[in-house]
Every structure is written in C-alpha cells, then in structure tokens.
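**Student:** Have a look at the structure that comes next, please.
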C-alpha cells in the first residue's frame with residue numbers, strides 16, 4: 001500500500017467540483033478495507049451509488065464512520081487517532097470562509113456595478129432595495145463564516161490526543177459544504193492520518 005498525494009487530490013477535487021472526491025473516497029475505502037480486513041460501510045460501486053442517490057449526504061455518514069475506523073487503526077499501532085493537527089482544521093476553515101466570502105463580495109460588487117449601470121432604467125427605490133438586499137446577504141455570509149471559524153477553533157482546541165477525529169472531520173465537511181465547496185475536501189485530513197499510518201507500518205516491516 002502506497003501513500004497518496006493529499007495536495008494533488010484536494011486540487012483535483014476542487015477542479016472537478018467534487019467528482020474526483022468520489023473516486024478518492026472509493027480509493028480510501030479500499031485502503032481501509034485492506035488494513036481492517038473488512039469494510040465498515042458500503043464499498044465498491046455500492047458506495048458510489050449511495051453517494052449519488054443521496055446527493056452526497058452519504059458522504060457525511062462515511063466520513064463519520066471511517067474517520068473513527070482510521071483512528072482505531074492508528075491507536076492499534078501506537079499512534080494518536082488523528083494525524084491532522086488542530087492548526088490543520090482551523091486554517092482550512094479560515095481559508096474556506098475567506099475564499100467563499102471573497103467570491104461573494106466580488107459577486108456583490110459586480111451586481112452593484114450592473115445596478116448602477118441600470119440606474120436610468122430602474123426607479124431609485126428599486127436600486128436602493130436591491131443594494132440593501134445585496135448588503136444584507138453579504139453581511140449574513142460574513143457573520144455565518146465568523147461563527148463557523150469560532151466553533152471550529154473551540155472544537156479543535158478542546159480536542160484531546162486520545163479523542164476520535166470523527167467530530168472534527170464531519171464538522172469540517174459541513175463547513176466546506178456550507179461555503180459551496182465539496183465535502184470531500186475533509187478527506188484531506190483522513191489522507192494525512194492514513195499516510196502517517198502507512199509510514200508507521202512500513203517502518204515496522206523494515207525493522208523486522
């Protein structure tokens with residue numbers, strides 16, 4: 001079993017709007033099956049089918065179950081359950097929120113420019129109302145983003161070394177989804193943990 005390039009898979013997942021993430025999840029499921037001896041969730045084509053039929057909701061269940069399975073496998077080999085640091089979770093949340101709010105701000109600015117260009121066509125009341133709605137939605141997006149960052153910081157900081165990573169992994173997937181990113185990006189945390197486990201197992205074989 002070989003380690004997989006986490007960064008490349010994250011980029012491909014974003015570029016393909018999450019489609020590569022399904023394949024990535026399939027690959028990781030097979031890796032965990034080989035390490036554990038059996039699959040804790042649906043596998044193969046059934047896994048892909050469930051993901052499509054539930055419009056991605058099955059992904060959250062898969063992340064919840066298998067992040068815990070991976071944590072147990074790491075513990076059995078004398079490692080902490082979560083190979084991702086608290087900073088990894090916090091920074092990824094901040095980047096997701098900043099990127100999403102930034103794009104929304106740009107979208108708002110473009111719409112504002114269009115409204116100004118249509119000033120001669122629309123009544124002043126309509127222009128002011130449209131500006132008010134845009135400003136309100138922008139502030140709402142920013143406020144929700146700040147709340148997500150605060151909650152993630154709180155969850156990450158209270159995590160103990162022996163805690164299962166499933167709560168942080170699933171919550172990060174929810175954040176990514178709410179910020180219009182594919183939830184499969186949370187696989188990055190699991191891949192980091194899995195790569196560390198593979199390193200550990202390879203080192204043990206080398207010693208033997």
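Even glycines carry a Cβ here, placed using N, Cα and C.
According to TrEMBL, the feature domain 'DUF4234' maps to 4-64. The transmembrane segment feature in TrEMBL is assigned to 7-26, 46-64, 89-118, 138-155, 167-185.
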**Student:** Which residues, given as numbers and ranges, are at least 6 beyond the ends of the transmembrane segment (167-185) yet have a Cβ under 8 Å from it?
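**Tutor:** Result: 10, 13-14, 17-18, 20-22, 24-25, 56, 59-60, 63-64, 67, 82, 84, 89, 92-93, 96-97, 99-100, 144-145, 148, 151-152, 155-156, 159.
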**Student:** What does DSSP give as the helix, strand and coil breakdown of the domain 'DUF4234' (4-64)?
**Tutor:** 46 helix, 0 strand, 15 coil
**Student:** Mind looking up the mean pLDDT for the domain 'DUF4234' (4-64) in the predicted model?
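**Tutor:** Mean model confidence (pLDDT) across the domain 'DUF4234' (4-64) is 94.
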